[in-house]
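Per TrEMBL, these features apply:
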type	residues	note
DOMAIN	1-371	domain 'Major facilitator superfamily (MFS) profile'
TRANSMEM	37-55	transmembrane segment
TRANSMEM	62-81	transmembrane segment
TRANSMEM	93-114	transmembrane segment
TRANSMEM	121-143	transmembrane segment
TRANSMEM	149-171	transmembrane segment
TRANSMEM	192-214	transmembrane segment
TRANSMEM	234-253	transmembrane segment
TRANSMEM	260-278	transmembrane segment
TRANSMEM	284-307	transmembrane segment
TRANSMEM	319-341	transmembrane segment
TRANSMEM	347-366	transmembrane segment
Amino acid sequence: MTLGTFLLVTAEQLPIGLLTSVGSALSVSEGTAGLMVTVPSLVAAVAAPLVPVLVGGMDRRLLLLGLMALMTLSNLASALAPDFAVLVASRVLVGVAVGGFWAVAGGLAVRLVAPANVPRATAVIFGGVGAANVFGVPLGTLLGGFSGWRVAFATLSALALVALLALLAVLPPLAADRPVRPGTLVRQLRDAGVRTGIIATFLIVTGHFAAYTFVSPALRDLAGIDERYVGPLLFGFGAAGMVGNFAAGAALARHTHRTVLVIALTLAVAMPAFLLLGRGPVTGAVLLVAWGLAFGGVSVGLQTWMIKAAPGAVEAASALWVAVFNLSIGLGALVGGVLVDALTLDALLWLGGACALAAALAVWTARADTNLR
């Protein structure tokens, strides 16, 4: 599962480090190139609730294998795309794979470990998110810089094939626990804890990706960092994210509500601080790491929130959460693309901070929910 989440996040976010090279090669602006992030995220938002509903009681092992095969083929298509339209079309398939895989895998911890260990097990599964930020996206950026963006996508396709073979060898049969039906999804939206988790997810992820999608030009233009050092700094961001992921996993086992609140407040400070205090290579790098540390806890924090808010319908709640998470990635990238073309990079960081602050307020209102303590 960790390997799967690693490849999902790498596939979805890889274009963040390739916007300039793809835009130049295919004659589109950086804002338009941002559609490579927006499109799969929006498709994943639709696929996350639909895939579990459509497959019904299908063995989850077979489902996960099929989705990883789709990931392999879609990234190969991206590498071979003759123009930007075909490239975006291939990213639609990435979105289907991401949404379906994540919706099922995100809630598997409750079936594999004792209830007290669910936050830590979830942190292990989502360790792939941090690993993607540490190794996947930065290495893809570096590989794209040295060998071209097509090589980066082809390499990802090859790695997805390796992951498919590994899952085929080690993943046990996973019979559907409680098949998800449309009515189950609707009922989850009536739960106050689930609604708060969805609102917090929407705000945090939208704000983050509005800014982070364009972190490369921000490091270059706002912090004055040479283009050669952007890749290594993204390693730092991802490494901090891995630390944040596992630190949050440990804290969530004791204080779920408090941990998610601290994550939201830290992001509310870190992004505007990057704008106000990061006008130099050293402070810019330090604040980027702080930003990564906080965001590293977002996936495990909010997934754990959803599991605790809906203990009787984990897959349904996870499907809704994944849908909103990916919708927010796409919306954030889209809003970021509009703002960066129409205004300035500064607006993205202010937006990110404001969204995180609003999320913190939403989380604070759920302080009395005993399931979330």
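Cβ atoms here come from the backbone N, Cα and C positions, even for glycine.
For the transmembrane segment (260-278), the partner stretch with the most Cβ pairs below 8 Å, chosen from 37-55, 192-214, 319-341, 347-366, is 347-366. The recorded stretches the transmembrane segment (347-366) and the transmembrane segment (37-55) do not share 3+ CB pairs below 8 A when only pairs 6 or more apart in sequence are counted, and are therefore not in contact. Tertiary neighbourhood of the transmembrane segment (149-171): same-chain residues 3-4, 7, 10-11, 14, 18, 21-22, 25, 61, 64-65, 68-69, 71-73, 75-76, 78-80, 140-141, 143, selected by CB-CB distance under 8 Å and a gap of 6+ residues from either end.
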